[in-house]
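**Student:** Structure incoming, see below.
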Ligand SMILES: Cc1cc2nc3c(=O)[nH]c(=O)nc-3n(C[C@H](O)[C@H](O)[C@H](O)COP(=O)(O)O)c2cc1C
Ligand SMILES: CCCCCCC(=O)C(=O)O
């Protein structure tokens with residue numbers, strides 16, 4: 001099985017058939033009625049491509065430069081928590097796959113492998129560290145210092161989770177991490193001690209007890225005082241916040257609704273991308289995640305102004321299939337799809353992508 005997997009959705013179908021219910025529900029869930037989760041994917045189909053032909057596309061190059069680093073393609077891996085529920089090598093396998101494919105791996109704070117283990121497993125990979133800010137600031141300072149020391153190249157501060165989104169399946173399952181796993185970035189702060197009798201799942205209790213829900217723009221200034229790494233804000237969904245981010249001199253913005261897991265009924269990330277890109281101009285780099293499932297999605301996001309995109313769940317499905325090899329296969333497939341899309345649109349590289357190459361489907365009805 002697996003040799004005939006042709007697209008990312010084939011890996012998802014496989015994962016649905018092999019992962020234990022507790023983990024699978026945690027990985028797949030969105031918040032509430034899951035309208036944003038579903039819309040993240042569906043929204044891409046509402047954008048249509050206007051290809052150009054007869055342009056000699058024989059010599060193509062997918063590489064790009066992000067925060068000054070050259071990477072092989074504009075497709076990287078989003079932070080997802082607890083990756084060892086998908087495969088025994090979890091984050092290590094995922095980072096090794098990104099390294100082999102020459103792209104960026106983002107490690108979650110809530111990881112089942114430590115910062116140091118990931119750095120050792122994939123020393124040449126361009127690694128970013130996703131940061132949650134804890135009420136106990138010494139926890140966050142420790143994470144930042146360790147990420148810097150281990151050679152991570154940027155901090156991705158997640159801004160859309162002052163409290164935990166309500167994911168109904170996790171509530172019903174009273175989700176908790178399997179006992180053989182640990183949150184390896186901490187020596188204490190294990191999940192088991194958090195009350196599962198409060199509303200929500202044990203994760204809700206964990207976040208409510210430990211994450212700092214006073215987080216605000218002043219904290220961006222504080223974060224800048226404790227690190228020299230570039231700071232990216234993940235979870236920005238409006239032009240207003242994007243402008244504030246620029247005013248606070250962040251180095252990048254990840255347009256994201258957390259894969260539909262935090263606040264249901266927000267717009268799909270692709271639908272707010274252009275508003276944000278227009279608001280920030282060339283003052284900061286803009287990336288996108290949420291619902292990217294094939295090469296045409298990548299192309300559409302780049303046309304609408306993203307410098308790069310990231311995939312979350314598909315990498316978990318790759319892990320569930322076959323660890324590092326599974327994630328490499330996922331990345332190879334989407335890379336090939338993006339390459340094919342570029343060629344069929346008359347582009348040889350990302351610099352040749354032009355705004356007029358994508359329109360919203362409502363475009364023709366307005367003509
Ligand atoms: C199982 C799972 C765990 C996640 N954990 C984190 C996390 O620890 N930190 C974070 O900033 N985002 C987290 N996210 C959100 C992802 O970084 C990303 O925004 C989202 O998965 C992108 O959507 P996609 O899964 O459709 O590609 C998680 C998403 C999933 C599915
Ligand atoms: C143990 C707390 C879980 C933290 C959040 C992980 C995450 O961001 C997610 O979407 O799930």
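Glycine is treated like the rest: Cβ placed from N, Cα and C.
Since the structure is predicted, the reported quantities are computational estimates derived from the model, not experimental observations.
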**Student:** Among 55, 60, 167, 293, which residue does TrEMBL annotate as binding glyoxylate at the site that also has 26, 132, 261?
**Tutor:** 167
**Student:** When DSSP is mapped onto helix/strand/coil, what comes out for residue 234 (FMN binding site)?
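**Tutor:** Residue 234 (FMN binding site) sits in a strand per DSSP.
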**Student:** How big is the gap, in Å, between the Cα of residue 130 (FMN binding site) and that of residue 258 (active site, proton acceptor), rounded to a whole number?
**Tutor:** 12
**Student:** What's the CA to CA span in angstrom from residue 26 (glyoxylate binding site) over to residue 290 (FMN binding site)?
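**Tutor:** About 16 Å separates the two Cα atoms.
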**Student:** For ligand 1, pick out the binding-site residues 79, 81, 130, 167, 290, 312 that have a CB under 6 angstroms away from one of its atoms.
**Tutor:** 79, 81, 130, 290, 312
**Student:** Which ones, of the recorded positions 79, 234, 258, 292, have a Cα no more than 10 Å from the Cα of residue 167 (glyoxylate binding site)?
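**Tutor:** Those close enough: none at all.
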